[in-house]
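Participant: Just dropping this structure here.
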Amino acid sequence: MQHETLLHIQGIDKSFPGVKALSNACLSVYAGRAMALMGENGAGKSTLMKVLTGIYSKDAGTIEYLGKQVTFKGPKESQEAGISIIHQELNLVGNLTIAENIFLGREFVTPWGSIDWKKMHQEADKLLKRLGVSHSSHQLCSELSIGEQQMVEIAKALSFESKVIIMDEPTDALTDTETAALFKVIRELKAEKRGIVYISHRIKEIFEICDDVTVLRDGEFIGEKAVNVLDEDQLIEMMVGRRLDEQYPHLDKPRGELLLEVENLSGSGVHDVSFTLHRGEILGVSGLMGAGRTELMKVLYGALPRSSGKVRLAQQEIHNTCPQDGLNHGIVYISEDRKGDGLILGMSVKENMSLTALAYFSKSIQIDHKAEQLAVGDFITMFNIKTPSQEQQIGLLSGGNQQKVAIAKGLMTRPNVLILDEPTRGVDVGAKKEIYQLINEFKKEGLSIILVSSEMPEVLGMSDRILVMHEGRISAEFQRGEATQEKLLAAAIGKSAL
């Protein structure tokens, strides 16, 4: 069956100083169908979307939209033509209401020239209802969770009534309920003959909601296939050029002596938690969203206040009242929100990586920049970070490379305990494998690791021992050999282990 082509991108080339980002990149979007755009981090997906919407100019190639060749001069022009993009990074104004954010710059006006607040809120409420969001459009965006803010971004894109809607990692911060609501809307959009470009690293979502898939690798077009003729292994092989038969390369190594003891720890969202951690051990922490996993790590690290309990490191009791205390005691926390808490996107790779370790490069009151540069260079090589130079602005790197820099930044302080909170969120399958291999290297060197993850296969595949949290408490503990997804899920919802 032939489908109407809304958008056809052909033979796009784009180079930056020292880097060829796109080479003969292609993409077609069809009416009433969702096209997945897949590829590892750094494959060129975001660059191609920026060329399409006019943020970057192309070096070669053509863009046809609704049968006409076009070159957009910027996002405003492409949006007015009927191409909307939902960015992975939130772009909301916190002290404005939901309605004000949705219609910012496009406010409804009365015949008398004033803003028609009533109509604006009515239209915003309709969009929120369509997405299953229960909040009033009068609520400030600063009062919303990250997932709820993402739904506002989606509502904003829907308000344009676009022919083509590009969704860049739209479910990254969404709950299962919010994701189901989004998928319902995508199906409605397809029924209205809109075209969807769906960019995601969550392969299961591709098979659930998309009709076709286009794969880029190293900036080049690899192929376009109907989703129903592929399986997961074939799609992964297209993306990375090899099969990933062993996604979780667990290192079987005896753990060392007891390093960390947490006894009856309570604090913000955490109640009476006790556990231990040994040298060279990977301790997985599983649980549903809101179970208190991140809060526990932040209380342990000193980013959230502790109300009671004891923490002993190498048999010495410690009191982390702020993150600097955690760092001083050799505990490093790599946040789940690398862009909000972990990295400064406007600074360079070098500046980000060495920021918390400048004391190691200090000579009296001066920084030994040569030593800093050498150390950063070593980590770039060790972590296989793809960057033109140490001076590259980190916000221009792919998500996987940003995550590697965030982890390297923590390791520069030479910690005893490394807490990784959702270390592979928003990271493609190839970069995930590299991060898992790095984790095994850290383990081999005797580093103690706490791995917090929402992905049960990741926790099961990488951990030596697993804690499950429910409502701020430890609901179960499993040794590697006895844990299953069914047992983890049962403990996560508060049931007895199966």
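Sequential numbering from 1, following the chain as shown.
Placed from the backbone N, Cα and C atoms, the Cβ positions cover glycine too.
Annotations for this protein, taken from Swiss-Prot, read as follows:
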- 7-243: domain 'ABC transporter 1' (DOMAIN)
- Gly39, Glu40, Asn41, Gly42, Ala43, Gly44, Lys45, Ser46: ATP binding site (BINDING)
- 254-496: domain 'ABC transporter 2' (DOMAIN)
Participant: Using a 10 Å radius around each Cβ and counting other Cβ atoms from all shown chains, which of the binding-site residues Gly39, Gly44 yields the largest count?
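Facilitator: Answer returned by the neighbour count: Gly39.
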Participant: Neighbour count, 10 Å Cβ-Cβ cut-off, for Lys45 (ATP binding site): what number do you get?
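Facilitator: For Lys45 (ATP binding site), the count of other Cβ atoms within 10 Å is 26.
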Participant: Report the same-chain neighbours of Ala43 (ATP binding site): residues 6+ apart in sequence with Cβ closer than 8 Å to its Cβ, ordered by sequence.
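Facilitator: Non-local contacts for Ala43 (ATP binding site): Leu216, Arg217, Asp218, Gly219, Met239, Asp428.
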Participant: Can you count the other CB atoms that lie within 10 A of the CB of Glu40 (ATP binding site)?
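Facilitator: So the number of other Cβ atoms within 10 Å of Glu40 (ATP binding site) is 27.
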Participant: Averaged across the domain 'ABC transporter 2' (254-496), what pLDDT does the model get? Just tell me the whole number, please.
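Facilitator: On average, pLDDT over the domain 'ABC transporter 2' (254-496) sits at 89.
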